[in-house]
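Okay, so here's the structure we're looking at.
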Amino acid sequence: MSKFNRIHLVVLDSVGIGAAPDADKFFNAGVADTDSDTLGHISETAGLAVPNMAKIGLGHIPRPVPLKTVPAEADPTGYVTKLEEVSLGKDTMTGHWEIMGLNITEPFDTFWDGFPEEIIQKIEAFSGRKVIREANKPYSGTKVIDDFGPRQMETGELIVYTSADPVLQIAAHEEVIPIEELYRICEYARSITLERPALLGRIIARPYVGEPGNFTRTANRRDYAVSPFQDTVLNKLADAGISTYAVGKINDIFNGSGITNDMGHNKSNSHGIDTLIKTLQLPAFTKGLSFTNLVDFDASFGHRRDPEGYRDCLHEFDRRLPEIIANMKDDDLLLITADHGNDPTYAGTDHTREYIPLLAYSASCTGAGVIPQGHFADISATIAENFGVDTAMIGTSFLADLV
């Protein structure tokens, strides 16, 4: 019998909690990630008031310096720790895959100088559209449309760009290049980037709207991932007849592998929380895992290096956390974590190599406190043990610590 009939895993995309031990091997604009600290620096520079996460125990997570504006509550209601990544990457897919039990020992390919001409020409031949060569390099997703959106509106050319992550992104104004056409082009780009020397983790469709000087990316983003190279705990659950519900871009990240119920993409964090709550209320969802990604922290504020906006986004989630808990059953378990860092006060515009926080709450637990520090895959090991599925993947279960 499962200790918890339902587990709800919520990934606050990019909400790291301090530089990882190997942060010196990862860089932003030539600066090592050694001083990155997403939550810490937001707390220091913008102020951070998250009383509901603090009540679970956020302020108790061991750190060299306590979070400046998040107190260590005297009587926390949950269990907390921080987790370290072992995989060779600091991107969304690597983080999520490791959380589900995989160790990425060979990183995907990244293109610091842009994509080879061969790839660009293939995309042009397939699409019948030219590619703006000046955009073909690592670029902030918002800056690239500011810089080249006006030209695209005039010429219909494609904006193809990358980042420090193993991704190929295609930005297209929805009134210039129809959504379905953009999706077809991205599907083709996916088909030509499945093996070295161009093995990419994701192809991302990045539609936007608006006028020059006031462009806005829309919720019609779509990710085209590769399937995990071996089974994750999602597959183990699905194979055992245990339901898995994906909220937000989770289905894209795993390419549908191991997902029994895709609840759709999020238009915003608030919409994602609404979808999670609707999922919790489903009469058919009596046992299994819900897996939610809330991406606004990362996409709207981390990459844009906007600590105040990031703070406000955290405040919004914290205000709605009681709603999530109110829709849980007594024998449910809520796990709140992240997939990497994206310090909005740091150099560059890309992710930062950090520990991730872990907050665990269940009404059925009578204890609380700090549990041993571990690794991302401890989450998958805990889920596997709870539901009694066989797993030979990495990770150490902390299920016994939740009492």
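Cβ coordinates come from backbone N, Cα and C, glycine included.
Source: prediction; values computed, not measured.
What Swiss-Prot records for the Mn(2+) 2 site is Asp298, His303, and among His96, His173, His351, His375 the residue it adds there is His351.
Summary of the site annotation: Swiss-Prot records Mn(2+) 1 binding at Asp339, His340. Screening the candidates Asp13, Asp22 against this entry identifies Asp13 as the one listed for that site.
DSSP classifies Asp298 (Mn(2+) 2 binding site) as helix under the three-state reduction. The Cβ of Asp13 (Mn(2+) 1 binding site) has 23 neighbouring Cβ atoms from other residues within 10 Å, across all protein chains displayed. Cβ contacts within 10 Å of His303 (Mn(2+) 2 binding site), excluding its own Cβ and spanning all protein chains shown: 20.
In sequence order, Asp13, Ser14, Thr92, Asn342, His351 are the residues near Asp298 (Mn(2+) 2 binding site), counting only same-chain partners six or more apart with C-beta under 8 A.
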